[in-house]
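Let me begin by presenting the structure, written as structure tokens, before commenting on it.
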Amino acid sequence: MFMSSSSSSHARRPQLSSFSYLHPPLPFPGLSFSSTRDKRVNFDSTRIISIAKSKPARTTPEYSDVLQTGLPLIVEDDIQEQEEPLEVSLENQIRQGVDIVKSMLGSIEDGEISISAYDTAWVALVENIHHPGSPQFPSTLQWIANNQLPDSSWGDPDMFLTHDRLINTLACVIALKKWNIHPRKCKRGLSFVKENISKLAKEDEEHMLIGFEIAFPSLLEMAKKLGIEIPDDCPAMQDIYTKKDLKLTRIPRDIMHNVPTTLLYSLEGLPSLDWEKLVKLQCQDGSFLFSPSSTACALMHTKDGNCFSYLNNLVHKFNGGVPNVYPVDLFEHIWSVDRLLRLGISRFFRPEIKECLEYVHRYWTKDGICWARNSNVQDIDDTSMGFRLLRLHGYEVSPDVFKQFKKGNEFVCVVGQSDQAITGIYNLYRASQLMFPKETILHGAKEFAGNFLRKKRTANELLDKWIITKDLPGEVGFALDVPWYACLPRVETRLYIEQYGGQDDVWIGKTLYRMPYVNNNVYLELAKLDYNNCQSLHRIEWDNIQKWYEEYNVGGFGVSKRGLLKTYFVATASIFEPERSVERLAWAKTAILVETIRSYFGNSREERIAFPNEFQKAKTRGYINGRRLDGKQATKGLIEMVFATLNHLSQDALVVHGQDITPHLYQSWEKWVLTWQEGGDRGEGEAELLVQTINLMAGHTHSQEEELLYERLFKLTNTVCHQLGHYHHLNKDKQPQQVQDNGGYNNSNPESISKLQIESDMRELVQLVLNSSDGMDSNIKQTFLTVTKSFYYTAFTHPGTVNYHIAKVLFERVV
């Protein structure tokens, strides 16, 4: 993403992971600050937040069912032992964390973002229109004076990046020198610049700030005019001057004065501009592509009233400082939702997420979006992320938004730019995986992005120019190695919790900046608490399902403990929520019963015929009373196991939903048994049985008018899962073929035709499930996709990887 984005409303918002150069915070009760100057929040790593007693308890009926549905939150003994007498319970910690995040999401404005000393200095340079010789915005100079760091520099206090510290510091020195104030601070800052300028050569080029090669040399020229001499003959500076000359020769002057481009973001570094023409390219808010420094430069040259209004509003909003870009409303809305989804805690915030996506959809255009609303310039990063989230949540969005970014067989991050950003192409890849049938531009995007990312990974070049994050190679690697069709929610969350850097992730613009509503430790700590709580419940369920396995001697019918574990893992990694325990266990037990019957009787046609006959007899007589059945001992044992399990599931559903689903369960099983009897093929009808069982256990029903769509979903799901099951059976004793990063297959392989058909059918299924215009409950449709993705995972994931995922998801606590 070229820049970034956020949201709007005018209530003061609670602050999270904040800094001295952030908009002054209104802290949450319970957040402790290290000093009055440094506003960074200190988080207690053992819990989320303790709400101060002065804050009234908040009722949250909208998510109470998520926290309590007769299934208690699990508190490990070791956690209990460490708790202090006044420490709140795990349930309350989660509830308080949820309340805090709800408060954040409910108070989003135009973007919570850190202050940029560089941009603040540019605004400080503006001369008062009515009183020449004095600053137009004196509070910016006060901010500069108050925020010099102990090492005499200005910039991000928690990450030392030479580019960032130098450009911030030199800009502040120039501002102080221009108005002849704070000479000691100015001298100290100048010494820092001279001592550190040679370090530029040692930093990763990918982490060079946006437009640094234009902006920094321009600052050096301004410094010379003020009598500030800075040696610029070091090799690093010579390289920067070379890049500047090259970039300036590539700038299409005729275009930039007539058509909105990203160059509007960096006008302060460009010489010989026609301001009369450029003023016509202002954004609606008076800014030049939402850049305070660019707009300040424009104000100096034009005295434009709209530029003044934009800057004046920012200076007042942020108490003297200004960010490097503003607003960032779309960026904040989109990325906050993405983080909550990937951290596995989105279920707590469904209304807030819906509100965020409604906001994004309101400002969506046929050409995509950028980081802020009402922009005439778009970027592929925000467009890709917005497209993906909107489509996932049932909004109708056209892939034609990507046409303007297509350049031959490649895609560019911003129209007119040739260099690529890893995260921009990564998010394009993620978006392209949600393609519907006949969306050729997404097919091309997926192929290009997959190849691009794979080459970068091979070359160990997964550094990004837009963000410095904890584990970008891990994020990209997971996307390449686990196709979205095979991505199980709990696997993604377990790994992403380790990849997400919380408040330590830093964004790269003209300066380093922070987005505390996107990257913060509150999300992270809540995700950890919730994950471990869910995992504790899963461990209890695993113990109970092993008892069920032993009670009915499932092992005696040929199903191993290993098979039991894998089956329970797949169900749990797909449906993990504590409140969905009955659905999860029904899935696991149903799948085990199917595998038991299929493996034990599959090789004997006689027994395959006998079992359905006995099943019919038992169903007709009714097994409620546990009557002993005629027939062979094995058949009798299996029949008893099936009906005892079905009756137990029915009782669970009756308790949870007040509905007797016994006849429907029997009917679904009868259909599967007859299908199996006729063919006995791998996976034949199993997906339908699982989907029907899960939806019944969840209390989901569909109307008569939706029957045709329901049957179409069943047919497509059965077809795909049957093909996947057949493929898995053929390849279970050899290494599964890895789906290529471009989403395709090697067509020289004789099995490729069927795999391509699977991909085609998957696209159709995804379209049916994500299409909201048909009126069917999305939860019902989502079950079809969830089950199908589990089959895809099983078919195409290497056994060693499955073992790793099982260990991580079920048995390794998050710390």
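Each Cβ is built from the backbone N, Cα and C atoms, and glycine gets one as well.
Positions annotated as transit peptide by Swiss-Prot: 1-50.
Around K247 (substrate binding site), the same-chain residues at least 6 positions away in sequence with a Cβ under 8 Å from its Cβ are E213, I214. Per Swiss-Prot, the feature substrate binding site maps to K247, K465; the stated evidence is similarity to another entry.
For the motif 'DXDD motif' (379-382), the residues of the chain that approach it from at least six positions outside its boundaries are 1-5, 262, 330-331, 334, 368-371, 402, 405, 411-414, 421, 423-425, 427-428, 466, judged by C-beta separation under 8 angstroms. The feature motif 'DXDD motif' is assigned by Swiss-Prot to 379-382.
Annotation comment: Swiss-Prot describes D379, D381 as Mg(2+) binding site. Secondary structure from DSSP puts D381 (Mg(2+) binding site) in a helix.
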What's the CA-CA gap between D381 (Mg(2+) binding site) and K465 (substrate binding site) in angstrom, rounded?
12
Run through the Cβ atoms and count how many others sit within 10 Å of the one on D381 (Mg(2+) binding site).
31
Is K247 (substrate binding site) helix, strand or coil when read with DSSP?
helix
In whole Å, how far is K465 (substrate binding site) from D379 (Mg(2+) binding site) when you measure between their Cα atoms?
14
